[in-house]
Amino acid sequence: MYSMFTHPSHSIKFTFSNLLLSVCAECKLPNEALECYTLVRNDGIFPALWAFNLMLECLVGACKYDTVLENFNQVVELGVKVDAFSYGKAVQSAVKMGDLKRGLDLMEGMKRDGMSVGGFVYNVLISGLCKERRIKDARKLFDEMSERGVVANRVTFNTLIDGYCKVGDLDEAFSVRERMKVCNVEASIVTFNSLLSGLCRAQRMEDAEKVLREMESYGFVPDGYTYSIIFYAHSRSGNVNASVHLYEETVRKGITINEYTCSVLLNTLCKCGKMDKVEEILEKVMGSGLVPTEVMYNTILNGYCQAGNMAKTISTIGKMESIHLKPSGITFNSVINKFCDLGNMAEAEEWVKRMTQKGIPPNLQTYNILIGVYGRKCQFNRCFQILEEMESCGLKLNVLSYGSLINCLCKDCRHLEAELMCEDMVNRGVLPNAQIYNILIDGYCTVGKLNDVFRCLSEMSGKNVLPTIVTYNTLINGLYRKGKVVEAEELASQITCKGLYPDMITYNSLISAYAKVGNNLKGLELYEKMKTSGIKPTLITYHLLSNGFTEGGPAVAEKLFQELLDNNLTPDRVIYNKLMRCYAEHKDIHKAFALHSQMIDQGIQPDCFTYNSLIMCRLNEGKVKEAKELFDDMRNKELVPDANTYNTLVEGHCRVEDFSGAYFWYREMSEKCIFPGAGICNELITGLRDEGRSEYVDIIYSEMKDKGPKG
């Protein structure tokens, strides 16, 4: 057409070329537009900039981003004066291709050429940066817009709010929302959905409810996507009642939920075992015209599997087939996996056959399930048979197939066979990865074979398999089990040199190692280092540190207890007991009993350790009668006094020079074949002798000779 209708006259040819190019572009014919542009360029003509820009827009719409950039670059290199629109399409293409550096360079080019960078370019780049979670860089561009007098629109604000929500910085997300209000930029349903999504991910459901109410006050009706966000949040928290209530609300408001939202709701109910409610809701949504998908039926089937209701599981497959939904490998694998969990291997194998009969060949997951179960049962011959079956079916064994088997062999202390399986892996073209070596290293650490541990580590290095933080954590655990605490810390210091970062397990392992050798001060040093590194301590961390409460004294113990609370952790009986013991040892009676009351208020019942500390407190006050009352209360609660209880009672009576009382408790403990430590025995004997109770002294000597006191 171009050759037929182009006129020899340059002006007419130019006009017609622009017309033809713009028609192709506006009709969304990218290939034709590009062909026309090529013909025009071959005639030595460059089309009008407006026509060229229409072509770029058409190419962007057709996702031909590399072509946009190629033609844009050619034009710029030829010295053609392009405008902000041309640049905008080039920036958009670069960002769509994931090349943010190029997009940012193009924007800098606009500035160098003296062009005004408009809101479109800023929005595109801010969106690209947010998608890559480069929220600080996105914020810089947002602030730059304001400095340059470029007005941020709803898209700008929504993009930045969503970016902050996705990285979990909700304070900044709401700050941007407030600025949006100040700038008189109206929110959209997208604004509220982003905020809801961020709050729900953070499990801040009360705040999410407030945003939902605000959204409705602005006249927005929550859509299917809004509800899917909230359903998913309830699913994560396992709040089944809230999910059901929300579903009933959608029914009342006449809102139709989509397949995805329905799947999320059904999944929540299935996880909580509410299978009757699942069937009820499925019936309702089908009545409203929603056609159940394979995903929905697989979710329900999984629910029945979790509930152990295999009859319903099998009938669900029948329902799938009745509406012409073909069960998939996922469907069969769920059934096979459950029969394996139930230990019914005959039925599991039968369903593998049915799977094949239905024209669905068993896949890697199917065989890996079987290998894992037979391995845990130590039926290794069957595992090897399955490996042969997989190979005969043309299935290439993967790391998971071998990993499961190697792990089971290591757990059964069959390390040589585990290593032979590693060799077999390599022979079959499957290279062992870090996870495989981690399994072997853990196996050798468990039995204390450190030479083999470091041989495996050396082999990893030789095969260019990089150790992971799990590797180092396993090694550290192995070293400290053998009492090599200094070596464990030296190894930990090498972690950052390998481009890795110590995690919570690393620090907990080291703190545990030092606690084991009684170096609680070193444990506290590591705890401070852990906090400085930005790693949040866990309850286990505080359990380990609590071993040093008494040594550190109440001030240190109280500081740690407060930090535990500040980290949103709930103290358990172990923590309460250790802090109570600290108060008892340091004779802070009031605080010990106050803590005991707090513990009871939290619904934590005292144990023998608790009573031992409280008895010590009363004896420190010289209140032997109250100590006896605590002992009786302990027995009434069916708690069995231990050696520490009796030692505390004997030692406490000796301290107040009530040696007859001490002897009373000595008699009771000796009748239970429990004997006090040598120091306590000597103190009791000395006191009784001073009181002229030589007959008691003789009895103790006799029993000490026969049984011997604990040193």
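Glycine is treated like the rest: Cβ placed from N, Cα and C.
Annotated in TrEMBL:
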type	residues	note
REPEAT	118-152	repeat 'PPR'
REPEAT	153-187	repeat 'PPR'
REPEAT	223-257	repeat 'PPR'
REPEAT	258-292	repeat 'PPR'
REPEAT	293-327	repeat 'PPR'
REPEAT	328-362	repeat 'PPR'
REPEAT	433-467	repeat 'PPR'
REPEAT	468-502	repeat 'PPR'
REPEAT	503-537	repeat 'PPR'
REPEAT	572-606	repeat 'PPR'
REPEAT	607-641	repeat 'PPR'
REPEAT	642-676	repeat 'PPR'
Residues from the same chain, set at least six apart from the ends of the repeat 'PPR' (223-257), whose C-beta lies under 8 A from its own: 189, 192-193, 196-197, 200-201, 203, 205, 208, 212, 215, 264-265, 267-269, 271-272, 274, 277, 281, 284-285, 288-290
For the repeat 'PPR' (153-187), distant same-chain residues with Cβ under 8 A (at least six beyond the ends): 119, 122-123, 126-127, 129-130, 133, 135, 138-139, 142, 145, 194-195, 197-199, 201-202, 204, 218
Contact set, same chain, for the repeat 'PPR' (468-502): CB under 8 Å, 6 or more residues outside the stretch: 434-435, 437-438, 441-442, 444-445, 448, 450, 453, 457, 460, 509-510, 512-514, 516-517, 519, 533, 535
Secondary structure content of the repeat 'PPR' (433-467), with strand meaning DSSP E or B: 26 helix, 0 strand, 9 coil
Intrachain residues whose Cβ lies under 8 Å of the repeat 'PPR' (258-292), provided they are six or more past its termini: 224, 227-228, 231-232, 234-235, 238-240, 243-244, 247, 251, 299-300, 302-304, 306-307, 309, 312, 323, 325
Tertiary contacts of the repeat 'PPR' (642-676), as residues 6+ beyond its ends and Cβ separation under 8 Å: 608-609, 611-612, 615-616, 618-620, 622, 624, 627, 631, 634, 683-684, 687-688, 690-691, 693, 696, 700, 703-704, 707-710
Cβ-Cβ under 8 Å with the repeat 'PPR' (503-537): same-chain residues at least 6 beyond its ends: 469, 472-473, 476-477, 479-480, 483, 485, 488-489, 492, 495, 544-545, 547-548, 551-552, 556, 563-564, 567, 569
Helix, strand and coil residues within the repeat 'PPR' (258-292) as assigned by DSSP: 26 helix, 0 strand, 9 coil
